[in-house]
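Copied over from TrEMBL, here are the features:
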DOMAIN    A:3-219  domain 'UCH catalytic'
SITE      A:76  site 'Transition state stabilizer'
ACT_SITE  A:82  active site, nucleophile
ACT_SITE  A:157  active site, proton donor
SITE      A:172  site 'Important for enzyme activity'
């Protein structure tokens with residue numbers, strides 16, 4: 001089946017992941033709230049990826065639609081691959097002109113046409129090209145006990161919300177089939193219909209802690225702005241308003257370019273093995289006689305914290 | 001090296017003989033041929049594993065280097081906290097792993113006894129000794145243990161039990177059970193909450209048989225013990241409160257640590273290291289990732305980049321759980337520093353590294369390698385080679401290592 005590494009759930013990772021698959025015309029942005037304004041800024045939103053702490057025994061929020069012939073659905077075969085699985089489940093259900101899946105994803109889609117969802121999932125986990133791109137976002141694992149905070153990464157699950165043919169579906173790789181969440185209300189944007197569903201879900205998990213992420217797969221913004229600029233240029237319009245719009249568009253294009261540069265930088269850092277740098281840094285501090293005092297300082301701070309905790313516990317008990 | 005109570009070091013000087021000794025070497029896990037595999041890499045040094053019990057009844061699992069005579073690993077082990085098991089995946093070596101249940105620490109060793117036929121027996125003996133330490137031998141425990149330490153008080157308490165004084169519910173709770181209680185505390189179990197169950201258990205034992213029942217090993221076992229629910233009578237209540245007082249005076253460690261563990265990213269916080277980094281940027285820039293330009297800007301950004309800080313924390317955790325030794329050997333940090341890393345002692349590691357770095361005059365790893373090669377060549381060609389003074393190996397340093405908590 002091949003090894004799939006754990007990757008971070010971060011819009012930069014997902015955007016580059018999708019581009020790495022060869023898909024063009026989309027990017028991923030993080031949503032920090034469910035209000036209309038946040039959605040507005042990002043429209044058109046092709047699908048949502050919801051990341052949460054998975055608990056056993058949760059009832060599905062809708063009915064399982066096992067007969068769906070025009071829904072692409074891959075069941076999860078490997079847990080480390082779940083980010084890619086959620087993304088593929090989303091992309092292969094979006095039929096927009098602006099989105100070009102690219103040869104890798106198109107070949108995959110054609111290959112599994114007619115398969116049942118379990119076998120699609122298996123086929124995905126065996127997809128060499130896709131797996132290679134996925135793994136290229138993993139951190140170099142140098143130690144056996146690669147202690148990343150287990151609370152952050154274990155048991156986190158991704159599901160996809162996507163509108164298909166006038167209905168909203170929840171695609172959860174751990175379920176047997178897509179979940180039908182109902183029709184999109186007449187004349188309404190699908191996001192308006194899906195918002196309360198997601199809000200309810202967040203409430204279920206909330207318990208005072210925020211352990212979920214919501215990401216939107218949206219159209220490539222730079223492309224959208226450039227298209228608009230081209231429109232303006234072609235129409236030969238010329239006025240203050242237009243000049244303002246052109247200026248805004250150019251500055252937004254610049255922002256998008258900076259953002260993509262930043263994503264790339266971050267991903268390079270993710271892949272980098274920092275051990276030689278760290279050791280050299282430790283040596284430098286050691287030579288300057290700074291290392292021991294810094295370590296002692298940290299140890300003292302820790303010890304103080306422990307004592308404070310103990311003292312608090314005692315006062316709580318009395 | 002995992003010294004929970006500072007006074008335990010003092011007790012080591014008056015230990016009885018070793019309870020078990022066998023030839024073994026150290027090993028460690030390194031990355032294997034693919035990202036998901038690991039391989040066991042063994043250190044060639046000839047050594048001995050020995051198990052001893054110090055005056056305060058604590059069991060020590062130690063490893064001594066037979067060539068230098070130095071005891072380089074000295075772990076205090078609480079009953080029920082470890083298991084010593086063969087690593088079956090290693091088909092070509094007689095490899096064993098000492099796993100700690102509290103804290104996740106693991107140490108790997110390979111048998112150096114000439115014949116493998118006693119390996120199983122040795123393994124069994126290790127587990128026996130560590131998990132069922134010999135009980136108090138004399139009731140005169142109170143005269144030799146430190147009065148000032150909380151643990152000493154505990155030993156006194158159990159010593160008093162041994163005298164057969166009427167302590168009610170605790171008369172059947174021997175040193176073993178008290179040690180188990182301590183080990184539960186160490187692993188974060190709420191010892192206070194367990195006391196009623198333990199006393200009830202002991203009470204049930206008193207009614208059933210005169211000898212101590214097998215003590216509960218884990219918090220879950222204690223809770224699940226089938227001791228009947230009874231009202232605790234006044235007599236028992238008094239002894240419970242005495243035990244509680246003693247236990248609460250023992251400094252509790254947080255559940256996942258046997259010692260003070262720090263986040264290395266705090267030590268290497270940007271504000272702490274920025275000046276040194278920039279002053280030595282030539283040494284660092286070559287280790288930066290391949291960005292569009294490997295410049296001072298990237299260096300500055302690296303110090304605060306979350307990816308870097310995560311890598312630093314991972315490194316710090318690996319070092320403090322004794323896994324970093326083998327990897328560090330490739331970086332010319334000096335043998336003493338590698339040993340400190342093997343025992344997970346960050347402070348000792350920092351001290352040893354400082355000694356080495358201040359001696360070699362602050363050269364980069366590449367330069368040091370070049371220097372070593374040059375010196376080796378020089379030694380070959382001349383008779384009077386100037387030797388680098390060897391790092392101190394006297395008792396003083398060993399004590400420093402043991403008192404890592406300071």
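Cβ from N, Cα, C; glycine included.
Curation plays no part in TrEMBL annotations; they are all automatic predictions.
Quick caveat, the model's predicted, so the values are computed rather than measured.
Within the model, the domain 'UCH catalytic' (A:3-219) carries an average pLDDT of 85. Residue A:76 (site 'Transition state stabilizer') sits 7 Å from residue A:82 (active site, nucleophile), taking the Cα positions as reference. A straight line from the CA of residue A:172 (site 'Important for enzyme activity') to the CA of residue A:157 (active site, proton donor) spans 9 Å. The distance from the Cα of the residue listed as 'active site, proton donor' to the Cα of the residue listed as 'active site, nucleophile' comes to 7 Å. A helical conformation is recorded for the residue listed as 'active site, nucleophile' in the three-state DSSP classification.
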